[in-house]
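Asks: Handing you a structure now.
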Amino acid sequence: RRIKEAQEKKCKSISLASVCGFPISIFFIVVNEFCERFSYYGMRAVLVLYFKYFLGWDDDLSTTIYHTFVALCYLTPILGAIVADSWLGKFKTIVYLSIVYALGQVVLAVSAIHDITDTNKDGNPDNMTFHVALSMVGLLLIALGTGGIKPCVAAFGGDQFEDHQEKQRGTFFSIFYLSINAGSLLSTVITPILRAQECGIHTQRECYPLAFGVPAALMVVALIVFIIGSGMYNKTAPQGNIMVKVCKCVGFAVKNRFRHRSSQYPKREHWMDWADEKYDKLLIAQVKMVLKVLFLYIPLPMFWALFDQQVISFLFTLSTYPVVIFNITNYGLKTQPDQMQTVNPILILVLVPIMDSMVYPLIAKCNLNFSPLKRMTVGMFLAAMAFVSAGLVQLQIDETLPKFPTGNDGQVKFINMINGGPLNVVAGVNEFTLQPFDCDINNTFSVFFVWCAPVASINQTLFCSLRFLNGFNSVLNVSVGSQSFGDIITNNMSKYVDIPQGEAKFHIMDTTGNECVYTLMLGFGSSFTLIIPSTFAFGENCANNVRTVVDIQPNSVHMALQIPQYFLITAGEVVFSVTGLEFSYSQAPSNMKSVLQAGWLLTVAVGNIVVLIVAEAATLEDQWAEYILFASLLVFVCIVFAIMAYFYTYTDPVKIEAQFAIIEPEEKEKNRRESLEMARRDSVKHRNNNISVRNVTNCRNRKKTFNLKHK
């Protein structure tokens, strides 16, 4: 016993060791969370582009699989919470599921190696089924791992603090959220750069294995760091299968209430009080606290529906419209579209300290009751305003898009290749004049044409699309850099070729070896048809003969227009999410911390499911209309949540549990006394009954004897 007491004293002294008022153990937890979030967000930053450009899926399928994966990541926390609180404890659950997590990252990285099935060495996998299957296995393992540890890490960090360290615990959750976004920031900067590298054994292409491999390595680092701090943690032992107890308690209360639904039975203060006959009052009080918070969670998925949708919606928009952040003279800083996701974590790293050290204290000094639920309401409203801003930006973008035909319309571009006077063209009710080697605007008619020159689709990432029309009397070969348009025969059109933005030098050669160099400055997202007329001649001024026709104008929407929506969605996240994490922990009973954290994370999963349902049900053609629809839904939900929050009463689980810890022994003693008293009364009653029986028997015997004597 002395050895055990000494060990407990030693463990307690270790757990109480602190730096600046914070337990040393939380620093291992924060570093672990940083590395794990680097791993998760780094993988997720390139996941959509991996689906689209490596696996060859379209936007709709990529979006569906992405949101399904995110939903799984936030559904599995329920499993992790049950295992942690009921069986293994938080520490072992984090360790075991982190191993599964790291394995999933490795499997996903292997699935992105195109050389495994590239038998013809052309850079494209020949057995795409293998890569898809391996990817899905990796994503399932990642969803199980990251989801399983999500509710445990935050709750495990909260367990490191004593009851009197409430302020430090609140600061810890802010630091914890900062570590999440610091890892997210670095990963969303680094992994797109790694993806843009070229790698491969036989054929070089975008290096998705490296982009997924580095996050896998960081997950291994996260696991090692967490295990190193093992001896310093305050480990709370699991308290039995609490989820089963809660479910049985709720089920018994419902059944008992149903059995006693008649008006002859007196009503009870709370419907859970109908479980009094079988379960102790402490468990019933804990269940009441959990159910009260879970009821508040019902409207919250709508926030996450908007927040997680903006990740992929803004990414697809940016992949169509590359941006220049700084533009000094003709030089700019080019960014990959998936790197633009760094705006969110950068703003979080700035806003979290500002909110904690300036905004909240200032509001408190003004004697305003800015309670956690009020903060969350404000966060939801800011997110709705972010999508209103996104809708306005989308309207600006739509104005710059070319008008493509829809329905039964067709589109044709008329080009005058005759070296003479102008041509008058009549097409149905449309009439226009074409100058030599010039073309009309894109005319769209409600008829079908036998021949037309198709216009390029909207360009992706940092490329421009070009094609050549050869009106020269000889076959011409056109190349730019390492790319070639091939041999273009007379009076024929080449295919579109994607060329990087900037100055492009085209080399035009005929069959005899004559060469002409033509230079053109290409803007982001532009598309051109270059006409080589019949009057073209090789020589010093040959480039002056090449005519340029603009199919699609360069992008004119600047990235700065998207800053307000990023700021609003991030401010909403800081006010909503950080507060929600702390609120979930503070309102949870001691044996249900992970369960309530899992309930909080479950709202994220439901939010992603809402995105899929609303997007499929709405079938809106315009992106701006979808943004406004989601913003309107969130404003409505925000009002509902504000009403629910108004009637919510905050509780202190520690005090309530302490009260029951005092009350329960008294009730047990009272029940014991009542039982003894009942037993005594039963014994006396039984003894009296026995005496009465003996008296009656004796009386009968005496009467019988008297009768015999009388006879």
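Note that Cβ sites are derived from N, Cα and C of the backbone, with glycine treated the same way.
The transmembrane segment annotation in TrEMBL covers 12-31, 95-116, 128-149, 170-190, 210-233, 289-307, 313-333, 345-364, 516-538, 563-583, 595-615, 627-648 (among others).
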Asks: Kindly say whether the transmembrane segment (345-364) and the transmembrane segment (95-116) touch, using the definition of 3 or more Cβ pairs under 8 Å where each pair is 6 or more positions apart.
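Replies: Judged by the Cβ rule, the two regions do not touch, with the required three close pairs absent.
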Asks: Would the transmembrane segment (563-583) count as touching the transmembrane segment (95-116), if touching means at least three Cβ pairs under 8 Å and pairs must be 6 or more apart in sequence?
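Replies: No, these stretches are not in contact.
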Asks: Going through 95-116, 170-190, 289-307, 516-538, 595-615 one by one, which has the most CB pairs that fall under 8 Å from the transmembrane segment (210-233)?
Replies: 95-116
Asks: Given a Cβ distance threshold of under 8 angstroms, which distant residues of the chain, six or more beyond its ends, lie next to the transmembrane segment (595-615)?
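Replies: Here the qualifying positions are 63-64, 67-68, 70-75, 77-78, 80-82, 85, 147, 150-152, 154-155, 242-243, 246, 290, 293-294, 297, 300-309, 580-581, 584-585, 587-588, 626, 629-630, 633.
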Asks: In the same chain, who gets a Cβ under 8 Å from the transmembrane segment (627-648) while lying at least 6 residues past its ends?
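Replies: Same-chain residues near the transmembrane segment (627-648) but 6 or more away: 292, 295-296, 299-300, 302-303, 305-306, 309, 313, 371, 373-374, 376-377, 380-381, 383-388, 390-391, 394, 614, 618, 620.
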